[in-house]
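Below: one structure, written as structure tokens.
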Amino acid sequence: MADLSLLQEDLPEDADGLDVDDYSSESDVIIIPSALDFVSQDEMLTPLGRLDKYAASENVFNRQMVARSLLDTLREVCDDERDCIAVLERISRLADDSEPTVRAELMEQVPHIALFCQENRPSIPYAFSKYLLPIVVRYLADQNNQVRKTSQAALLALLEQELIERFDVETKVCPVLIDLTAPDSNDDVKTEAVAIMCKMAPMVGKDITERLILPRFCEMCCDCRMFHVRKVCAANFGDICSVVGQQATEEMLLPRFFQLCSDNVWGVRKACAECFMAVSCATCQEIRRTKLSALFINLISDPSRWVRQAAFQSLGPFISTFANPSSSGQCFKDESKSSEDSSAEDKDRMRDNDVVEEEHRRPEDAPSDLSAPHSSARLESLEGCAAKTPGHSAGDVPAPVDSSLLCTLSSESPQEAASNDENGRKPDTNSKSASRPDAGTSSPEATPLDQDMFNSFHFWRTPLPKIDLDKELQQDPEERLSPERTGDVPAAPLPGPPNITMATRKELEEMIENLEPHMDDPDVKAQVDVLSAALRASSLDAHEETGGVEQRSELQDEVCVSELPDCNISHDTCVPLISAAEENAEATPDYVHGGADVSPGDGFSPDEDRRPKVQDVVPQALLDQYLSMTDPSRAQTVDTEIAKHCAYSLPGVALTLGRQNWHCLRETYETLASDMQWKVRRTLAFSIHELAVILGDQLTAADLVPIFNGFLKDLDEVRIGVLKHLHDFLKLLHIDKRREYLYQLQEFLVTDNSRNWRFRAELAEQLILLLELYSPRDVYDYLRPIALNLCADKVSSVRWISYKLVSEMVKKLHTATPPTFGVDLINELVENFGRCPKWSGRQAFVFVCQTVIEDDCLPMDQFAVHLMPHLLTLANDRVPNVRVLLAKTLRQTLLEKEYFLASASCHQEAVEQTIMALQMDRDSDVKYFASIHPSSTKLSEDAMSTASSTY
């Protein structure tokens with residue numbers, strides 16, 4: 001406030017002492033007094049007086065300055081409660097200013113004033129609620145757009161900082177917003193109010209959102225007059241769903257979402273496509289699979305290119321929502337125990353889901369002969385639908401069953417089986433889990449039954465809350481399980497939705513007929529392909545209902561049947577069954593992947609490439625659309641960067657499908673890896689280590705390593721992706737495969753642009769991590785030359801990281817047996833750097849010694865023998881920079897060690913003599929650092945001042 005008088009104050013013309021005619025008659029010198037020679041009237045006013053004076057000024061700029069200085073005025077009078085209240089009352093009057101710029105300036109200061117009031121609440125209780133919040137709420141409906149925007153930003157800032165009480169939100173904020181969204185409200189105000197309601201929902205919580213915001217939000221989604229309102233609702237739909245939860249989403253929001261997805265304005269449909277993943281996360285798996293999938297297919301086939309573009313960008317994230325959220329990693333269980341013990345462990349795991357998280361193991365530890373893993377979703381239904389009764393043999397070979405069949409084919413009745421499947425419990429407490437004995441062995445007491453061929457333990461499907469029994473399940477058990485009928489059971493689940501009505505099939509046929517005349521358009525052709533696939537899937541379901549098992553067997557690509565109970569299934573089959581050899585009782589871990597089943601030990605047959613790209617984790621139509629993103633026609637008709645979006649989401653899709661379905665994605669991944677756009681390849685390079693974790697060591701070695709090798713020879717923009725995660729990828733490989741890359745590490749020193757020093761800095765960072773993966777001999781033979789090369793880099797930032805690399809290398813080689821590699825490395829450091837003809841090399845030697853001391857890479861007695869004599873000889877170096885750094889190292893690092901503080905050895909005496917010599921150095925900086933031990937000055941803070949750098 002003190003500077004307000006200097007801004008726009010009109011001084012009277014006849015002010016005392018300002019007459020320009022005053023002069024000294026003796027010297028004839030005109031004296032022009034300055035305004036600073038006199039006491040300003042403002043300096044005589046109190047803070048409240050100055051506030052009142054300029055708040056009433058006719059000058060708009062003065063009133064703006066009053067609004068801007070309100071916080072300073074409050075700080076001046078904060079000790080007096082009455083003055084604080086007086087300032088707040090002036091704020092209320094200033095809020096009625098007719099000038100929009102003054103009101104906007106005032107609103108910008110409200111969050112700061114509110115925070116001050118919160119901190120000084122004892123002095124001015126309820127100040128914000130009584131004086132400031134009404135202004136914010138009132139400005140939400142201001143006629144001026146700038147004032148409204150400022151008040152909206154202020155309201156969100158206040159909510160984010162939790163400065164508004166919950167009671168005030170319910171009684172003052174929400175009612176105003178609801179009024180602003182009334183049908184007779186201004187169009188612009190209504191649109192902005194809806195946006196505020198959506199943005200504040202995550203801040204106010206589920207209760208207030210459901211009671212006060214959700215009903216009006218649903219109404220706004222159906223606003224038939226203003227598409228801007230519907231567009232705002234669609235853009236924020238995912239946020240509302242995540243706040244209110246699954247039940248409210250499915251009951252109230254999903255019908256509105258379906259309407260918005262079919263809106264006649266493409267901008268609304270595009271907004272729906274962009275938030276599709278968030279909406280999917282708030283629904284159950286059944287709705288996601290049966291309803292949202294079909295809805296998303298419509299968006300992908302939308303007539304508007306912008307809608308299709310947004311839909312394809314969201315396709316990968318939407319597919320990832322089909323992943324099993326309870327166990328997305330790998331876990332193992334010991335198969336050496338009896339089936340009874342395994343059953344007990346399954347019960348414990350069902351009661352405590354934390355066991356899965358506590359038993360994570362790296363994928364590279366998985367042996368090659370692991371049994372086929374199963375998803376946790378199937379574990380939940382295992383207790384009721386896959387248990388065997390006592391006396392049944394666990395050594396029988398199961399035959400594949402269709403995914404439309406109910407999960408249980410045990411000796412219990414179909415009604416009991418369905419009940420147990422829903423409840424997730426075992427029908428018999430004495431029943432055993434499905435555990436296979438050694439190949440070729442069987443229990444002498446147990447008699448193999450045909451039911452074991454159809455054991456659903458080996459097959460995965462999403463558990464549904466209510467399942468209608470198929471006709472074949474309601475048949476007589478003996479007829480259903482007769483050996484003559486086993487060969488008719490299909491080998492793989494069929495794609496497409498499981499239950500499609502006749503009316504739906506009729507609609508699909510009509511849509512295909514309407515689109516056939518426009519088959520020249522690639523987009524229309526793609527839509528017809530999708531609809532045809534859905535129609536075929538519905539036809540398959542119709543055949544299942546009417547034709548029974550015999551007709552469905554003709555629709556399968558391959559059928560894997562075991563007609564005899566004690567026979568083994570051939571490894572050439574394309575259906576991932578669990579054979580007896582892979583289910584032996586050895587003490588090997590059984591991996592369970594979080595997405596779904598994993599084929600045995602990741603061992604895929606040579607015919608795998610010819611396997612149909614069919615799976616049952618996600619709707620097949622969605623996967624087909626995702627795989628089509630690499631089609632060149634998509635880049636022309638949808639988005640030129642569609643391949644980049646496909647590459648970006650591929651790890652999430654792979655995790656969802658699981659490694660047993662990698663054959664569906666392999667060709668797409670190879671296509672992306674050879675894409676002409678380097679941005680696509682760069683995206684894959686940055687995520688290849690994550691994909692390796694998902695696929696496991698065998699698939700990584702077979703499919704990812706060749707692509708990884710190609711990335712190593714690509715552009716620098718692509719190479720940096722694999723370099724940043726080089727350690728993460730190599731640690732997943734077998735030791736022999738990992739050693740092959742030792743010969744290629746040297747290639748990272750060569751870049752397309754020599755000025756790309758960050759590339760070499762990242763290489764040094766990765767080499768530090770790679771030290772743990774290789775033997776001391778490999779480190780000495782291959783990593784040592786690279787590290788010494790980086791220590792002599794032209795850029796100081798690269799050298800700084802390299803000093804750390806060399807010190808860690810010294811530590812590893814010194815602790816190795818025998819320690820000859822460490823001694824040889826130290827001798828090479830002395831020869832190449834300690835006696836280097838260039839002063840920068842000798843300075844680098846001091847830096848390395850300092851890092852070795854700080855990180856305790858060598859015992860002090862070993863350091864004193866191998867490095868310290870050569871370090872002390874640099875006290876006579878002709879370059880002051882080297883001597884300055886030596887003085888810092890001796891004073892601030894070496895003498896800090898207990899070895900030199902407690903012992904009176906000859907080494908300590910040599911150090912003290914060197915320091916005394918440096919204290920008498922002719923350079924003032926050397927004497928300074930050698931004479932004192934400044935506590936506030938550390939080598940890490942000022943060593944760069946003495947380092948030579950190109951940049």
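Each residue, glycine too, has its Cβ placed from N, Cα and C.
Because the structure is a prediction, the values reported are computed rather than measured.
Marked as repeat 'HEAT 1' by Swiss-Prot: 26-63. Positions annotated as repeat 'HEAT 2' by Swiss-Prot: 65-81. Positions annotated as repeat 'HEAT 3' by Swiss-Prot: 82-119. Feature annotation from Swiss-Prot assigns repeat 'HEAT 4' to 127-164. According to Swiss-Prot, the repeat 'HEAT 5' annotation covers 168-206. The feature repeat 'HEAT 6' is assigned by Swiss-Prot to 208-246. Per Swiss-Prot, the feature repeat 'HEAT 7' maps to 248-285. Marked as repeat 'HEAT 8' by Swiss-Prot: 287-324. Residues annotated as region 'Disordered' in Swiss-Prot: 325-377, 411-451, 474-499, 590-612. Residues or ranges marked as compositional bias 'Basic and acidic residues' by Swiss-Prot: 332-365, 474-487. Annotated compositional bias 'Polar residues' per Swiss-Prot: 411-421, 430-445, in sequence order. Marked as repeat 'HEAT 9' by Swiss-Prot: 506-543. According to Swiss-Prot, the feature repeat 'HEAT 10' maps to 699-735. Positions annotated as repeat 'HEAT 11' by Swiss-Prot: 800-838. Swiss-Prot lists 862-899 with the feature repeat 'HEAT 12'. According to Swiss-Prot, the feature phosphoserine maps to S936, an assignment based on similarity to another entry.
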- Query: What else in the chain is close to the repeat 'HEAT 5' (168-206), if you only count residues 6 or more beyond its ends and a Cβ gap under 8 Å?
  - Reply: 129, 133-134, 137, 140-141, 145, 148-149, 152, 155-156, 159-160, 212-213, 216-217, 219-220, 226, 228-229, 232-233, 235-236, 239-240, 242-245
- Note on the structure: Secondary structure of the repeat 'HEAT 5' (168-206) by DSSP, residue by residue, totals 32 helix, 0 strand, 7 coil
- In the same chain, residues at least 6 away from the ends of the repeat 'HEAT 6' (208-246) whose Cβ sits under 8 Å of its Cβ atoms read 166, 169-170, 174, 177-178, 181, 187, 190-191, 194-195, 197-202, 252-253, 256-257, 259-260, 263, 265, 267-269, 271-272, 274-279, 281-284
- Item | Segment-level pLDDT (mean, integer) for the repeat 'HEAT 10' (699-735) | 94
